[in-house]
Amino acid sequence: MPPSLSHLFLLSTFASLALCSFYCKNPGYPCLNGGTCLYNGECNCTSGFRGFNCGLDSSTISAACTVECHNKGICFNGDKCYCTKDYMGPTCQQAYDFADCNKSSMKIKAYRPTEFNGEIFLMQSMFGCKLTEVTSTIPGYKQYELDVPHDSTGPCKLKKTIDATTGDVHFEVNVSTIHHAGQFGMYDGLKTVSCHYSSRDQAIVKDVTNHELLVSVTTSDGNTQNIQEIQTNDVIHLTFNPVNLPGGYKGVKILDLEMYSVQWNEVNSILLLKDQCMTQKADELGYSVSNEVDGYSGRAILKAIPLFENVQASVYFNYRLRFCRNRCKIKSCPSQSPKPMPMGEIFKHQGQGIRIV
């Protein structure tokens, strides 16, 4: 007999989460004009406003405009441009991430909101190849730069390819942004910045955010079999395996872990781990979360408990990790308070007891 819906626990880890450059839960990326930040990092705008951050008043959109808005920007008030999430500037001409393709070097540049307190670095080295903050040329934004010579042989070396037919030279590098210093989360980004030397075109920036480039995530049962559905109260092993970490790093451990589910436009979520330790709420609800390291991998072991009662709904996980130079160590967490025994009724034992000797 197939299990009833109340006993079926579906897993859909990470696959449907949209990875983008705007995530309203990151510092410096608020929803404007009364908009609400949703569980997936997108803004739900109030009536009359639109745009990725609800920053555009629909009543001000102009059919006729005295300026040209680039990169799919929208003209409003007749002479101003509302930009998409990847561009900025008076006419949306400036990308947040770009490079100056100089004769002998590639100067990588990035703009971030003034509230940004994270780090931007080349994937080869989180510490040796950081972009440093400089005086910003655009008010209201921080500006970061790193100038890398074409012939660099150090940790910040560029990837160089030469077209055998045309002789064109191509340089590229992967640039990572993390919004919390020393940590990596679901909505931190990775972009490829490149310079192509033939007609000296503007640098090309491609969003290649795919967290499987850094870590692979697997869900399995206690027998290490990969799973997509599991019985309620069975055990889930959620493992983060390092794949291509920034230079100098080998291990991964879990800092924060959140589980959530969406049903009928309602979101239920629970924070399972905070700063490496099981939360009191998770303990009270019986999730029994264990945070471990297995070699160089980080692993959370938890009990499968649905977030909606009597409903077959997939669950998703959001996470924040820390990379380690070798095998990670999990800090010692305080023990949760013992639960008081009920005294108002006679105990009714379920099943055969276990004798501890």
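A Cβ is built for glycine as well, from the same backbone N, Cα and C atoms used for every other residue.
Summarising the annotation, Swiss-Prot assigns signal peptide to 1-20 and lists sequence analysis as the type of evidence.
When Cβ-Cβ distances below 8 Å are used as the criterion, the domain 'EGF-like 1' (21-55) is approached by residues 74, 82, 84-86, 96, 112-118, 179, 187, 189, 207, 260, 262, 267, 269 of the same chain, each at least six residues removed from its ends. What Swiss-Prot records for 21-55 is domain 'EGF-like 1', and it gives sequence analysis as the kind of evidence.
With a 10 A radius on its CB, Cys24 (disulfide bond) counts 22 other CB atoms from all the protein chains. The disulfide bond annotation in Swiss-Prot covers Cys24-Cys37 (among others) and rests on sequence analysis.
Annotation comment: Swiss-Prot describes Cys31-Cys43 (among others) as disulfide bond, evidence class sequence analysis. The 10 Å shell around the Cβ of Cys31 (disulfide bond) contains 22 further Cβ atoms across the protein chains shown.
DSSP assigns Cys45 (disulfide bond) to coil in the three-state reduction, outside any helix or strand. Under the heading disulfide bond, Swiss-Prot lists Cys45-Cys54 (among others), citing sequence analysis as support.
Taken from Swiss-Prot, the feature domain 'EGF-like 2' applies to 61-93. Within the chain, the domain 'EGF-like 2' (61-93) has long-range Cβ neighbours (under 8 A, six or more residues past its boundaries) at 20-22, 51-53, 55, 111, 138, 141, 207.
According to DSSP, Cys65 (disulfide bond) sits in a coil region rather than a helix or strand. What Swiss-Prot lists as disulfide bond is Cys65-Cys75 (among others), and the listing cites sequence analysis.
Residues annotated as disulfide bond in Swiss-Prot, with sequence analysis given as evidence: Cys69-Cys81 (among others). Under the three-state DSSP scheme, Cys81 (disulfide bond) falls in the strand class.
As annotated by Swiss-Prot, disulfide bond applies to Cys83-Cys92 (among others), with the evidence given as sequence analysis. Within the same chain, the residues at least 6 positions away from Cys83 (disulfide bond) whose Cβ sits under 8 Å from its Cβ are Cys69, Asn71, Gly73, Gly89, Cys92, listed in sequence order.
Closest to Cys81 (disulfide bond) in space, going by CA atoms and restricting to the disulfide-bonded residues Cys31, Cys54, Cys65, is Cys65. Sequence-distant neighbours of Cys54 (disulfide bond) (same chain, six or more apart, CB under 8 Å from its CB) are Cys31, Leu32, Asn33, Gly34, Gly35, Cys43, Cys45, Thr46, listed in sequence order. When averaged over the domain 'EGF-like 1' (21-55), pLDDT in the model lands at 91.
In sequence order, Ile61, Ser62, Cys65, Val67, Cys69, Cys81, Tyr82 are the residues near Cys75 (disulfide bond), counting only same-chain partners six or more apart with C-beta under 8 A. Long-range Cβ neighbours of Cys37 (disulfide bond) (same chain, at least 6 residues apart, Cβ-Cβ under 8 Å): Cys24, Lys25, Pro30, Cys31, Cys43, Asn44.
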